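Engineer: These came from TrEMBL, pasted as-is:
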- 64-150: domain 'GHMP kinase N-terminal' (DOMAIN)
- Pro91, Leu92, Gly93, Ser94, Gly95, Met96, Gly97, Ser98, Ser99, Ala100, Ala101: ATP binding site (BINDING)
- 212-285: domain 'GHMP kinase C-terminal' (DOMAIN)
Amino acid sequence: MNYVKAFAPATVANVACGFDIFGFAIQEPGDIVEIKRKDEPGIVIADITGDAGRLPRAAEKNAVTVVMLHLLKHLGISDFGCEVILHKNMPLGSGMGSSAASAVAGVVALNELLDNPLSRQDLLRFAMEGERIASGSAHADNVGPSLLGGFVVIRSYNPLDIFSIPVPEDLYCTLVHPDIEINTKDARYILRNEVSLKNAITQMGNVAGLVAGIMKSDYDLISRSMVDVIIEPVRSILIPEFNEVKKAAISAGALGCSISGAGPSMFALSRGVDTAWQVGSIMTETFRQAGIEANMHISGINQGGALILEKS
Ligand SMILES: Nc1ncnc2c1ncn2[C@@H]1O[C@H](COP(=O)(O)OP(=O)(O)O)[C@@H](O)[C@H]1O
Ligand SMILES: N[C@@H](CCOP(=O)(O)O)C(=O)O
């Protein structure tokens with residue numbers, strides 16, 4: 001095999017109450033990576049489309065190739081060479097798991113080109129290295145769902161213990177991206193290190209409620225549990241119109257609405273695709289009325305994660 005083209009989807013991390021431990025993928029958009037073997041050893045980024053020239057072209061600085069360097073090192077392969085083309089299909093610093101989508105597409109493409117020496121689950125820790133260079137933290141709540149699909153829970157980081165739970169078929173996500181940029185690194189830096197016992201108890205109740213609600217298709221329980229008393233109050237200050245947009249989403253029938261990842265994107269969950277569209281219209285309109293351009297993506301939960309699109 002000399003050529004592989006892979007796709008990895010955007011993701012919603014945290015899902016309100018599950019900072020760094022919950023995430024799910026949506027169907028689209030996603031990054032696409034093409035890799036082609038070359039005779040000389042070394043990984044070279046031949047082209048990046050869709051980033052307006054903003055992403056690093058050096059292999060050791062870009063999430064898409066850092067993960068490949070880590071994988072090759074782990075496998076003890078030093079004489080391998082390939083050219084990489086990254087099609088960047090989502091904005092940087094979006095809260096849509098932009099860096100994660102590149103990292104996952106990169107590591108999945110290389111694993112395929114090498115005839116799949118590692119399982120999807122085993123690729124996770126390499127994909128997390130892409131997050132480390134993008135945000136300074138190797139969190140798994142974007143790369144996990146982008147790689148594996150489903151609603152992902154990270155029970156533990158050390159040792160890594162991650163699993164997916166079944167989701168109701170009628171659960172839809174509305175993801176709205178306002179045209180502003182927030183670096184995940186900055187949005188992590190502003191968080192407090194201590195949590196009060198009162199807030200910890202509330203958050204644990206909501207984490208348990210959200211998992212149970214999703215597994216039991218109990219939409220009321222999902223709705224009651226989409227509450228974040230720890231991270232959202234701090235980060236929402238970075239998102240203009242956050243309270244108005246959230247209120248509008250709930251008034252249009254959303255089960256809940258919060259920050260997607262580190263923001264600025266906001267997501268809502270709804271029962272049924274029609275409600276998800278109505279929620280999206282009112283969320284984007286609320287941003288627009290405040291002079292902020294916004295676009296939306298409506299999707300069920302992506303169950304499959306990253307895909308190989310072509311190989312030869
Ligand atoms: N392939 C990549 N795709 C997106 N961002 C990347 C990539 N490689 C490195 N980065 C860096 O990661 C940062 C964006 O990541 P992050 O802030 O986590 O955004 P997002 O919330 O959209 O994932 C930027 O500083 C960007 O330069
Ligand atoms: N748990 C992380 C998720 C960051 O997601 P991103 O899409 O903004 O990269 C965090 O909240 O920092």
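Every residue gets a Cβ built from N, Cα and C, even glycine.
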Engineer: Excluding near sequence neighbours, so keeping only residues 6 or more apart in the same chain, what lies with its CB under 8 A of Gly93 (ATP binding site)?
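Structural biologist: Spatial neighbours, sequence-distant, of Gly93 (ATP binding site): Glu181, Ile182, Asn183, Thr184.
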Engineer: Sequence gap of 6 or more, Cβ distance under 8 Å: name the residues on the same chain that satisfy this around Ala101 (ATP binding site), in order along the sequence.
Structural biologist: Ala8, Pro9, Ala10, Thr11, Gly30, Asp31, Asn89, Met90, Asn142, Ser146
Engineer: For the binding-site residues Pro91, Gly97, work out the Cβ neighbour count at 10 Å and name the residue with the minimum.
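Structural biologist: Minimum Cβ neighbour count within 10 Å, taken over the binding-site residues Pro91, Gly97, occurs at Pro91.
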Engineer: What binding-site residues among Pro91, Gly93, Gly95, Gly97, Ala101 have a C-beta sitting less than 6 Å from any atom of ligand 2?
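Structural biologist: What lies within reach of ligand 2, judged by Cβ under 6 Å, is Gly95, Gly97.
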Engineer: List the other residues in this chain whose Cβ sits within 8 Å of the Cβ centroid of the ATP site residues Pro91, Leu92, Gly93, Ser94, Gly95, Met96, Gly97, Ser98, Ser99, Ala100, Ala101, in sequence order.
Structural biologist: Ala10, Met90, Asn142, Gly261
Engineer: Which ones in the same chain are close to Gly95 (ATP binding site), with CB under 8 Å and 6+ residues apart in sequence?
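Structural biologist: Gly95 (ATP binding site) has long-range Cβ partners Ala13, His177, Ile182, Thr184, Ile259, Ser260, Gly261, Ala262, Gly263, Pro264, Ser265.
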Engineer: So which binding-site residues out of Pro91, Gly95, Gly97, Ser99, Ala101 are up against ligand 1, CB under 6 A?
Structural biologist: Gly95, Gly97, Ser99
